[in-house]
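Notes follow once the structure below has been shown.
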Amino acid sequence: MMKVLVVVALLVTLISYSSSEGIDDLEADELLSLMANEQTRKECIPKHHECTSSKHGCCRGNFFKYKCQCTTVVTQDGEQTERCFCGTPPHHKAAELVVGFGKKIFG
């Protein structure tokens, strides 16, 4: 039963990974920015670094591309500004955990 559960979790992770690849490749904003720049992105924004000015410039992690996650920050003056950083979304973290667990079990 445990082997079946691990295999099903691995299949779900692989499907999630492949669908994430397809979605990332087809994002309209990213395609427009690539056409505007007319150059491949060799420099990307690492995990935990600010991506406020380039929301589609995050690097790839082990399995997935990091996503630019934004939050509203209120300064002491009461001014609201948006701050963004590259990070791993929770569902990607869960998929990486399942894959890591599978690697430990099956070597």
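Heads up, the Cβ atoms here are built off N, Cα and C, so glycines get one too.
The model shown is predicted, which means the values in this text are computed figures rather than measured ones.
Swiss-Prot lists Cys44-Cys59 (among others) with the feature disulfide bond, giving similarity to another entry as the kind of evidence. Cβ-based neighbour count (10 Å, all protein chains) for Cys44 (disulfide bond) stands at 16.
The Cβ of Cys68 (disulfide bond) has 17 other Cβ atoms within 10 Å, all protein chains considered. Residues or ranges marked as disulfide bond in Swiss-Prot: Cys51-Cys68 (among others).
The disulfide bond annotation in Swiss-Prot covers Cys58-Cys86 (among others) and rests on similarity to another entry. In the three-state DSSP classification, Cys58 (disulfide bond) falls within a strand.
With a cut-off of 8 Å between CB atoms and residues at least 6 apart in sequence, the same chain places Thr52, Lys55, Glu82, Arg83, Cys84 near Cys70 (disulfide bond), listed in sequence order. Per Swiss-Prot, the feature disulfide bond maps to Cys70-Cys84 (among others).
Positions annotated as signal peptide by Swiss-Prot: 1-20.
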Can you tell me how far the Cα of Cys59 (disulfide bond) sits from the Cα of Cys86 (disulfide bond), in Å?
8
Cys68 (disulfide bond) versus Cys44 (disulfide bond) - Cα distance in angstrom:
12
Cα-to-Cα gap, Cys58 (disulfide bond) vs Cys51 (disulfide bond), nearest whole Å:
7
In the structure shown, which of the disulfide-bonded residues Cys58, Cys59, Cys86 has the fewest other Cβ atoms within 10 Å?
Cys59
What's the number of neighbouring CB atoms sitting within 10 A of the CB on Cys51 (disulfide bond)?
22
